[in-house]
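Working notes, beginning with the structure itself.
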């Protein structure tokens with residue numbers, strides 16, 4: 001399967017927290033909250049990296065990425081007017097056609113990134129909707145100020161207690177206060193959130209993250225377990241019903 005990449009001009013690329021960068025590029029594609037792009041540097045020997053969409057504004061796309069290896073380390077060298085190669089948007093995105101009443105957005109670390117576009121779209125659809133954010137971080141928080149514009153309440157946790165609750169974000173979440181939980185973060189955290197929601201009979205949807213090579217379902221690198229067997233995170237997801245996926 002041929003995968004078509006296109007070049008996008010870099011608007012900015014700034015470190016907003018330790019080893020967390022905000023990359024803004026020009027792109028006018030229509031996107032859904034929860035979708036992602038495959039990004040790579042022109043001429044790079046590293047495989048493309050799947051990066052969730054943080055925000056779409058006019059003809060600009062914002063991504064957050066964590067520096068976790070040589071590939072993402074190369075991204076930090078990008079500067080204004082450079083070009084990056086990308087393909088997307090990919091994946092299914094969150095289903096915003098559903099009628100949500102009281103929603104909890106639950107995130108861990110870099111999983112907070114897709115919550116911004118999601119919160120914007122939910123708020124636009126229903127200005128009176130109850131939307132609360134529960135965000136967990138290791139030490140420093142980020143993206144919270146931007147999210148405050150679209151949510152009712154913000155609850156944070158850090159491993160060190162530097163910001164908010166000291167401990168895990170799942171320790172302050174009460175799923176029974178909501179009819180739907182939308183979650184993105186480390187798999188161990190999402191499993192805990194799913195278990196908590198099942199116990200209270202609350203709907204939960206999670207954004208799965210797996211290593212990917214192609215992003216279009218051809219290579220089968222990113223499969224995850226579900227009640228119906230293996231599914232491709234990039235093509236069938238990354239958003240899955242928490243009662244359907246097996247973690």
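Keep in mind that glycine also has a Cβ here, set from the backbone N, Cα and C atoms.
A strand conformation is recorded for residue 52 (FAD binding site) in the three-state DSSP classification. Residues annotated as FAD binding site in TrEMBL: 49, 50, 51, 52, 71, 72.
Under the three-state DSSP scheme, residue 222 ([2Fe-2S] cluster binding site) falls in the coil class. Among the features that TrEMBL reports, [2Fe-2S] cluster binding site is placed at 214, 219, 222, 234.
Residues or ranges marked as domain 'FAD-binding FR-type' by TrEMBL: 3-96.
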**OP:** For the recorded FAD site, whose residues are 49, 50, 51, 52, 71, 72, find every other residue on that chain with a C-beta no more than 8 angstroms from the centre of their C-beta atoms, and list them by sequence position.
**Re:** 38, 39, 48, 63, 65, 75
Original post:
Among the binding-site residues 52, 72, which residue has its Cβ surrounded by the fewest other Cβ atoms within 10 Å?
Top reply: 72
**OP:** Would you mind sorting out which of 50, 51, 52, 71, 72 (the binding-site residues) have a C-alpha within 10 A of the one on residue 234 ([2Fe-2S] cluster binding site)?
**Re:** 50
Original post:
Counting only residues 6+ apart in the same chain, whose Cβ is under 8 Å from the Cβ of residue 51 (FAD binding site)?
Top reply: 23, 36, 37, 38, 39, 63, 64, 65
Subject >> Per-region confidence, the domain 'FAD-binding FR-type' (3-96) (mean pLDDT, whole number) >> reply: 94
Original post:
By a simple count of other Cβ atoms within 10 Å, which of 222, 234, the binding-site residues in the record, is least packed?
Top reply: 222
